[in-house]
Each structure stands twice: as C-alpha cells, then as structure tokens.
Amino acid sequence: MANPKAEIFELNNGTMQVLVSNLGCTITSLSVPDKDGVLSDVVLGLDSLDSYQKGLSPYFGCIVGRVANRIKDGKFTLDAVEYSLPLNNPPNSLHGGHVGYDKKVWEVVEYAKGKTPSITLKYHSHDGEEGYPGDITVTATYTLTSSTTLRLDMEGIPKDKPTIINLAQHTYWNLAGHDKANILDHSIQILANHVTPVDQNSVPTGEIMPVKGTLFDFTSEKRIGNTINEVGIGYDHNYVLDCGEEKAGLRHAAKVRDPSSSRVLNLWTNAPGVQFYTANYVNGVAGKGSVVYEKHAGLCLETQEFPNAINQSNFPSIVVKPGEKYQHSMLFEFSIERS
C-alpha cells in the first residue's frame, strides 16, 4: 500500500479523551478529570505533527523500538554474528537508533469508536533497519477499557530470523496538567525492591541492587522533589518490578499522585522493569498551547525489558525467534484520591 500519512485519531468514552497519532503511535494528548470533574491534558506534547516530524520532540508520548533504552557502545552479538548500531546517544545506541519506531508512520489496522474505543496500529520493520537483524511485524493497540482506564497491548512477530526487541511507551506525565511547571510535588510509589545501577553513560552495570536504605527506594509513596537533587541530575533508572500485586496477568508497577488535582495514576504491566525518568534533559522545549517545558516538567514510567539486556547474561533475554511472539501490555488507571 502507499505510505500512510501522519494523522491524529481520537479515543473518547465520554469521561476521558486520548489523541493518538499513527506517527510513532504517539499519545499527543490525554485528558482526565480532576477532583472537581475538570478535564486537563496530563501529557507533555508538541503543537503539531509537523513539529514531531521535524524531530523537535524528546520522545514525547511515542512507542520506542526496535529496542528501547540504551545498548552499550551500540554493539551486540546474536548467534555468533556481531551487530553495530547507530550511536545516536554517544557512546550508546538509544531507543532504536536515528530513525526508530517513534519516527515511523504506522498503518492503522483498526479504529473503533463507542463505549470502549480503540485503535490498532502496525509497522513492518525490515532486516537491517537501523542495524538490527531480521524482519519483524509490530502492532500496538490502545483501548479505553473503562471510564478512566487506558490499555496498551504491543506485539512483535519475527519473520524468519532471530532478533531482539524491547518496546516502550515514552509518555511524559504531569498529573497537575501538562502546562504546570514540574512534577516535584508529585508523589510516587514504585513496586520494586531492586534497581539496576548504571555507569557514567547511564548503562546498567549488570548489578541488581536492593533499594532499601538508598535514594532509589520508592517502595512506599514519597514526594519526588525530596530526593531528586541528590541523584545527580535526576532519576533515569530501571527498576526491577518484583513486589507488586498481580491482577489479570499484570503486575502493579507504580502509583503516582498529584496533590493539587488529586489525580492518581496506577500503572500495571507484564514487563519485568520500568524506567523512572524525570525529564532531566528537557530544556526549553516549545510545547503545545505555547507552553515551554523545562527540566522535570514531566515524568516517564517506561515499562520495559532491562536496558542493554542483550549484553548482560543475568538480565531476562530480549531475543525473539521465529515461531515466538514478543508481547507487552500496560494498563494506565486514573482515579481521584483526596489527601
């Protein structure tokens, strides 16, 4: 078929509204009610698809791949073949390279309105694209499963060659509203007893470290601003999701709360890790509605396989072979919790 063009699609169930583009499967807007029933857009984003296509977005709202996060030195070996990837985040390869899945226009396979509106998008990634081996077909389905719940289901099916895959959803959240200054007053709980410490280039060392007694301990809810200035420029770490309760095949990963609006986001996933990132590198980004986003304007909770897993034998494998299927689900549950 002809190359699809970048468009925006609305999912609206009467309570919450989500705008999704087939450019990078990007959530450009997500509006949910606060304690007074007032809708606010709680995701960072740009004013136009043109701005996204010009590369002005620091991964706002998109799905990143073929492999999310960092691959050390842009190198890995699979079945005795060494592969080299673009070093788009020197000295590492980040989020799939120069033109990752976030910069591709996906095909809209299905778009349904009604009480549980959904959209399914598909992208065929070819052998050798951005240095990665093997053809793989990826699909992503966003569904409003209840009045204030968004579900994302991602799949990857390799064609005839083993490959590596790790898709992540890179939305930046500010539950007070995307136009509010920062997320320092938000509190967060991350259901993880361990974190994967990083080297000076933000790549995990391979160690799996207990968080107890450290600045990385969010096993009970804490205000983000309390410790953010003590961890370098902010949080940008992979947490090992090992202590959340389970429901319907998903594990509780995190809970975020904004005191001003009383909005709460509970995140559930079947992935083993989540990258907690506090927008440390956002600096004067011209956003939608004439808002300028600065450092810590939002927070990301990117559920994922562990970063650089292909080069760490003690991390869960990200290799997917023909006949196998990569599958990754996330559930974003919004609610109101008055303090």
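Any Cβ shown, glycine's included, is placed from N, Cα and C.
Under the heading active site, proton donor, TrEMBL lists His170. Taking a C-beta cut-off of under 8 Å and a sequence gap of six or more, His170 (active site, proton donor) has these contacts in its own chain: Tyr59, Phe60, Gly61, Cys62, Ile63, Val64, Ala68, His95, Asp102, Cys300, Glu302.
Taken from TrEMBL, the feature active site, proton acceptor covers Glu302.
TrEMBL lists Asn69, Arg70, His170, Thr171, Tyr172, Asp236 with the feature beta-D-galactose binding site.
The Cβ neighbour count for Asn69 (beta-D-galactose binding site), using a 10 Å radius and every protein chain shown, is 28.
Local packing around the Cβ, expressed as the count of other Cβ atoms within 10 angstroms, is greatest for Glu302 among the recorded positions Asp236, Glu302.
Here the binding residues for beta-D-galactose are Asn69, Arg70, His170, Thr171, Tyr172, Asp236. Their largest Cα to Cα distance works out to 18 Å. For Arg70 (beta-D-galactose binding site), applying a Cβ distance below 8 Å and a minimum sequence separation of six or more within one chain yields Asn89, Asn92, Ser93, Leu94, Asn201, Ser202, Val203, Pro307, Asn308.
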